[in-house]
Amino acid sequence: MGTPRTDKRSGSGNLIIELEENELAGKQLPWYYGPTYLLFWVGLFFAVVLPLFQALPVGLKVAEESSRPGRFVAERAQAIVLPISQMGPRVVGDHVNEVTIVEYMLGQIAKVRAAMRDDLFDLEWEVQRASGSYLHNGMVNHYQGVQNVIAKLSTRRSNSSSYLLVNSHYDTKPGSPGAGDDAYMVAVMLEVLRQIAISDSLFLHPIVFLFNGGEEQPMLGSHGFITQHRWSANCKALINLDGSGGRELLFQGGPNHPWLMEHYKKSVPHPFATTTGEELFQAGLIPSDTDFRIFRDFGVVPGLDLAGIYNGFVYHTAFDRYTVISGDALQSTGDNVLALVQSISNAHEMYDTEAYSEGHSVFFDFIGLFFVYYKESTGVALNVSFSIGAMALVCLSLWRMRKVSGQPVGTFASAFGVQFLLALAGVLLALALPLLMCVFYDAGDRTLTYFSNSWLVIGLFICPSVIGLILPQTLHLTLRPSSKISHAYHLQIVGHAYCVLLAVLCLVTTALSIRSAYLFLISIVFYVGALIINLLTRLHCRGYYWSVVLGASQLMPFLYHAYLFHTFIVILIPMVGRFGVTTNPDTIIAVLCACGTILSMSFAAPLINMFRRPKSMLAGLALAMFVFCMISVSDVGFPYRPKTNVMRVDMMQVHRRFFEHDGSLSGENSGYYLHMLDRNKDGPLRDTMDLTGLIRLGEDCDSELMCGIPCYRWCSARKEARWLPREQRVELPYPTVLELRNKTVLSRGDQARLEFRLSGPPNMGLFFKPRSGVKLLRWSFAQGMLDNPSTFRPPLQVQITYGIDSTPIDFDVELSKDNRNFDEPLFELGVSGHYVGPRVERDALSEQFLATLPHYTFSMQWPSSYARYVY
C-alpha cells in the first residue's frame, strides 16, 4: 500500500482521516454478501409492504354494536349487498332497475326512519324522475325517465343552506350482478345514513344521500340530479363512491379545494390516497369514469372521489357477486366514509366554499399509516428548494472529497460528469429493457402472460429494470476507473449522480405543473438527509461506512414507492384486459414496474458494487429473468382463468337493414358483432368456436355509415371490431321503429326541418352524417356538437336511454343546404336498438353460438338492430 500524502494545511486530524480512507479504499465486502443484500429488499417488500397493503380492520358484527356505539357495522352492510346482488343485473329501463331495486331502497330508508332519533333529526326521501340531454365523451347522451332515490338527513335545529352530497349508484352493466360495482358502496351509504340517524351527535349541514339509478349508461342519474333537482343548488361539497369493491382509494379531490383534504386527513382512520392516481386518471390513462366528472363539470361541486380497487378482474362481469365482497373491506370503507361525512357535515368551510378555493393539493398516504397533504404552491416551494439544496450538497460533498484526497477539482468534476451520464443511461435502460421484453412477447403473441399470475412481472419486467438501472455503473466500476479516486468515492459519486438526475426531473415536472413530482422529492429528501449525516459525522470520507447511513435512509423511500407502485399494478393489471386491441398492454405494466424500480432502487441498487464480483449478481438477476420467461411461456402464462381472470368479449347478435332515399331496401343481413377488448383479439376463441368468415370491420368502414354496425359506446374502436355473418336472421324481441312525421322547408328557403318519432328498447342510438353541402344547424338534443363543428366531425352520435318512461322519443333536426334543393338526399341516419335487459330472450341459434364461447371468457352480449336511412 502506498505512502499517504499529507497536506500540511490539513493538520493531524485530516492525516488520520486520509490514513483510514486509504486503508479502506478498494476493500470491497465478500461477494457472497451481495445476494443477501438484494434479497433483503425483496424480503422487505413481502414482509412489510404487502402485509400493510392488505391490512384491513376486522368487520364489526351486529351483536357487537351495543358495546361499540357509533361504529360502522360491516355485517349489516353485507346483509344489504346480498339481496341487491341476488336481484341480478340492473340495467336502466329494465324492471329490476326501475321497480324492484327502487322499492328495496325505499324500504331500507324507511327502516332507517323507524330507528332514527326523531327528537334530533329530520329525514326526507323521494324518487326523482329526470329527463335531459348532455354532451359527454364525444357523444350526446339523451335520457328520459331515469330514476334516482334520494334522502336528505338534517338536524332539527339546522338552518344551513349548504348541503353535503354523498353519491353512489345501484344500476349495473348488462350481465353483471354488480356486488362490487356498486352495491358495495350503496350498502356503505345506507349504513352510514343509519349510524348518523341513530346517534346523538349533531351536525351543522344537511346531508343528501343520492342513490342514482343511471351511472353505467353513462352518468345519467348524476346529471339528472345536479341539473334538475331542487336540492342540487344547495350541494356545496361531494363524496363520490364508486369502483369495483374492496378497499377504497382517494384518487381525485377538489378541484382547487384543499380544505377537503384537511378533513380527510383529520378524520379518516384508514387513509389510502395518491395525487399520482388523480393525474393518471385525469390524463385518460384509466379506461373508466365516475359521476365525479358530472358533478364537477355541470354542478361545479368540489368533492372527493373514492373508488374500491379490489375485484378488478370480475368488475363488470357475471362474477361480480356477493362472494367477492369482504366484510373487513366493508368495515374499512365504512369507517372512512362515516368519519368523512361527519367531519365535512360539520365543516365551517361549507358556509362559503368559494372562499376556500385555494388551488390544487398534493396528497398521499404513507403505506396506510398516515396521510400527508399540502397545497400545490407549497409543493412547488419544497420541490425547488430541496432539488437546488441537493445539488448544492453534492457540490459540497465533491469539494470535501477533493480536499481530503488532495486531487484537483477537474478529477472529481470529470468523474461526476461520467457518472451522471451513466446514471442517465441506467434510467433509460431501466425503462428500455422491460419495454424490449414487451416487444418480444408481443411479436410472439404472448401478451398478458401475467394476467392470472401477477407475480410473473417480477421476472419479466422488474428484474430487467434492475439490471438496466445498475448495468452502466457496474461495468464502469469493474473496469477500474482512475486510481486517483478510490472505489468508495466512485461509488458515492454514483449516488450523487442519481440525486442530481432526480433533482433535475423534479424541477422539470414541477415546471410542467405535474404534482407527482413529489415522488422524486421523497427520494431526494432521504438522500439529502443521509448525505448531511455522513458529512457531519465524517463517515463521508471513511471507506464504505457512508453506505450504512445511505442504505438505512433508503428504507422509507423504498417502502413508499414499492407500496405505491404495487397499488398501481393491482389496479391496472385487471384493466389492461380491456384496453383494446391496438394498445400493447404489456407496455403499461412494464413502464409501471420500471418507474417503481427506478424510484425505489436508484440509490440502493448500485450499492451491490460494495461487494466483490458485482457482475455475478447481475448474472443472477439475468438467470432469474430467464427462469420467469420459461415459466411464462408454459401453461402458467396462459392469461385467462374461468370466473376469476376472464377474457372479455362484448358481442351483439345483429339484424341489419339498409334503406335508400326512395325508401327501398337495398340490403338486409344478420351476424355477430364482436368487440374485442384485449390484445389477443379473437385468437383464444378459435379453440372452441367456429369463426369461419370472421372479418375485421375496418374493411366496411369506408363504404358504410358507422361501419354498418350498431356500436354501443365503443364506437371509436369500431374499425378493429369483428363481424361474423350468419345466414339465419337474428330474431329480435320487438322492432326499433323510426318514423319521419314531417318535413318542412322553412320560410327563408335555405333551411328545412325534419321531425321524427323513435320507439324501441330502452337503449337506442342515432348516427348522423350530412351529405356534401348540407349543414346540421339545430336539433332536439344538446347542442354542443353542432356548436363546435371543427371539434366534432360526422358521423355524430346520440345515445338515447329511457328508464321508467318508455314513451316514444320525438325529435327534430334543422339543416341548411347550399343549393336549396331539399328533395335530394340530405343526410344518412343510422338507428340502433339494443335489447340489453337480462330477461330478453336470445334466439336458438344465438344461444348455440354463445354456448361455444371458451369457459374462461365472459361476454357482455345482447340482440341488436341496425337500420341505415337516407333522408
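Glycine is no exception: its Cβ is also placed from the backbone N, Cα and C atoms.
Look at TrEMBL and you will find 148-341 tagged as domain 'Peptidase M28'. Look at TrEMBL and you will find 418-628 tagged as domain 'Endoplasmic reticulum metallopeptidase 1/1-A TM'. Residues or ranges marked as domain 'Endoplasmic reticulum metallopeptidase 1-like C-terminal' by TrEMBL: 644-869. Per TrEMBL, the feature transmembrane segment maps to 38-60, 380-399, 420-443, 455-472, 493-512, 518-537, 558-576, 588-611, 618-640.
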Item to check | Among 380-399, 518-537, 558-576, 588-611, stretch most in contact with the transmembrane segment (455-472) (C-beta, under 8 angstroms) | outcome: 588-611
Checklist entry - Apart from its near flanks, which chain residues at least 6 from the ends of the transmembrane segment (38-60) lie with a Cβ under 8 angstroms of it? => result 68, 71-75, 78, 247, 269-270, 326-332, 335, 367-369, 555, 558-559, 562-563, 566-567, 570, 601, 604, 608, 617, 621
Checklist outcome for this item: Tertiary contacts of the transmembrane segment (588-611), defined by C-beta under 8 angstroms and 6+ residue spacing from its ends, are 28-31, 33-34, 37-38, 41, 285, 427, 430-431, 434-435, 437-438, 450, 457, 460-462, 465-466, 469-470, 473-474, 477, 487, 491, 494-495, 498-499, 502, 519-520, 523, 527, 544, 547, 550-551, 553-554, 557-558, 561-562, 564-566, 568-569, 572-573, 576, 579, 617
Next on the checklist: Cβ under 8 Å, sequence separation of at least 6 from the ends of the transmembrane segment (518-537): give me the contacting residues as numbers and ranges.
Outcome noted: 275-276, 362, 364, 379, 382-383, 386-387, 389-390, 393-394, 396-397, 400, 495, 498-499, 502-503, 505-506, 509, 546, 549-550, 552-554, 556-557, 560-561, 564, 599, 602-603
Next on the checklist: Can you tell me which parts of the same chain pack against the transmembrane segment (493-512), counting only residues 6+ beyond its ends and a CB-CB cutoff under 8 A?
Outcome noted: 379-380, 383-384, 386-388, 390-391, 394, 397-398, 401, 412, 415-416, 419-420, 422-424, 426-427, 473, 477, 485, 520-521, 523-524, 527-528, 531, 550, 602-603, 606, 609
Checklist entry - Do you know the mean pLDDT across the domain 'Endoplasmic reticulum metallopeptidase 1-like C-terminal' (644-869)? => result 94
